[in-house]
Amino acid sequence: MNLFNGKILAVTLMTLLTLGIFYSYILRHYRFVVAFKHKDKTSADSLKYNQPHLTENSRTDVMTVTPWLAPVVWEGTFNQDVLDSIYKPKNISIAATVFAVGKYTMFLKNFLESAEQHFFVGFRVHMHVFTDQPNEVPKVKMAAGRQVMVHKVPSLNRWQEISARRMKQIQDLIEEKLRGNTDYIFCLDVDSKFHGRWGTESLGRLVTVVHPGYYRDDRSRFPYERRPQSRAYVAPGEGDFYYCGGAYGGLLQEVHQLTKTCNLNFEADAKDGIEAAWQEESHLNRYMWINKPSKVLSPEYLWQDFKPKNPEIRLLRFSGVIKNYADIRPNV
């Protein structure tokens with residue numbers, strides 16, 4: 001009996017040992033396959049770049065990080081090849097909105113053609129054009145994976161109303177058409193033109209651009225809404241930067257929350273007979289004061305053509321064109 005039990009024990013031990021060896025082999029093989037497949041997703045060559053050094057800063061003439069640790073993006077603060085190699089395997093989809101109502105359709109051709117040359121080149125991009133004149137949208141040759149989508153909107157008699165209503169239309173676009181198929185969205189002014197790269201360095205949870213007219217000023221000079229009765233109110237002594245209403249973006253869900261909140265505040269103000277000083281831009285600045293952006297883009301990302309470049313502006317990426325507002329706005 002003891003001999004029989006001994007044989008059973010020996011067989012059992014041999015079986016367990018064999019299973020252990022087999023399991024160890026499979027585990028090593030599985031790890032190798034996973035590691036190989038993961039390595040295959042990005043090009044090793046694209047990740048070769050100069051070693052970063054914590055004791056060196058490529059820009060010492062400008063702020064490169066906010067007090068809440070959001071990066072401030074300037075030329076010379078990022079490696080575009082590294083960033084592109086991170087985002088391209090993700091196959092992200094980017095939407096951009098632009099409004100061309102009334103005579104503002106005259107800016108569409110330059111905007112769309114320059115965007116095709118500089119705005120997220122090599123990525124999937126859908127340009128959403130809101131206009132009261134769909135027939136005036138020019139045909140622009142787009143690369144594979146890039147498309148212009150036209151949305152008809154009513155004409156309005158006041159440019160202030162056109163500006164204020166954009167938040168609601170962007171909110172509706174996200175809810176009705178973009179959810180589930182778009183990762184990031186940027187909301188841009190049509191009377192502007194791209195001059196240089198605008199790409200993956202601008203991606204973030206909530207992204208905004210510092211206004212070129214006020215980035216050197218004390219915040220006491222910022223044109224915030226100063227009436228406490230308005231939902232766009234920013235009190236004296238408050239505010240970080242003055243941000244552009246003509247360029248902001250981020251993750252789809254974050255921009256949805258921004259536009260929804262700003263639109264609700266705008267409508268509540270309207271019921272009280274209040275229109276914020278700079279319509280959507282005022283509400284945007286209030287929102288960004290309370291909800292800090294995760295990335296701040298320098299004025300390179302929305303300059304003004306009539307302004308000479310300051311020394312810290314090493315590369316002009318996007319800029320408002322020179323125009324006569326009396327000729328293009330329904331009211332001045």
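Cβ from N, Cα, C; glycine included.
TrEMBL annotations: computationally assigned, not manually curated.
Since we're looking at a predicted model, the values are computed, not measured.
So that you can see what the record holds, here are the features copied from TrEMBL:
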ACT_SITE  GLU281  active site, nucleophile
BINDING   PHE99, ALA100, VAL101, TYR104, ASP189, VAL190, ASP191  UDP-N-acetyl-alpha-D-galactosamine binding site
BINDING   ASP189, ASP191  Mn(2+) binding site
TRANSMEM  6-27  transmembrane segment
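Set side by side, the recorded positions ASP189, ASP191, GLU281 differ in how many other CB atoms lie within 10 angstroms of their CB, and the most is found at GLU281. Apart from the site residues PHE99, ALA100, VAL101, TYR104, ASP189, VAL190, ASP191, the chain places the Cβ of VAL98, THR105, PHE107, LEU108 no farther than 8 Å from the centroid of the site's Cβ atoms, the recorded UDP-N-acetyl-alpha-D-galactosamine location. It is 17 Å from the Cα atom of ALA100 (UDP-N-acetyl-alpha-D-galactosamine binding site) to that of the residue listed as 'active site, nucleophile'.
All protein chains considered, the CB of VAL190 (UDP-N-acetyl-alpha-D-galactosamine binding site) has 24 other CB atoms within 10 Å. Binding residues for UDP-N-acetyl-alpha-D-galactosamine (PHE99, ALA100, VAL101, TYR104, ASP189, VAL190, ASP191) extend across at most 11 Å, taking the greatest CA-CA distance. Neighbour density for VAL101 (UDP-N-acetyl-alpha-D-galactosamine binding site): within 10 A of its CB lie 22 other CB atoms from the protein chains shown.
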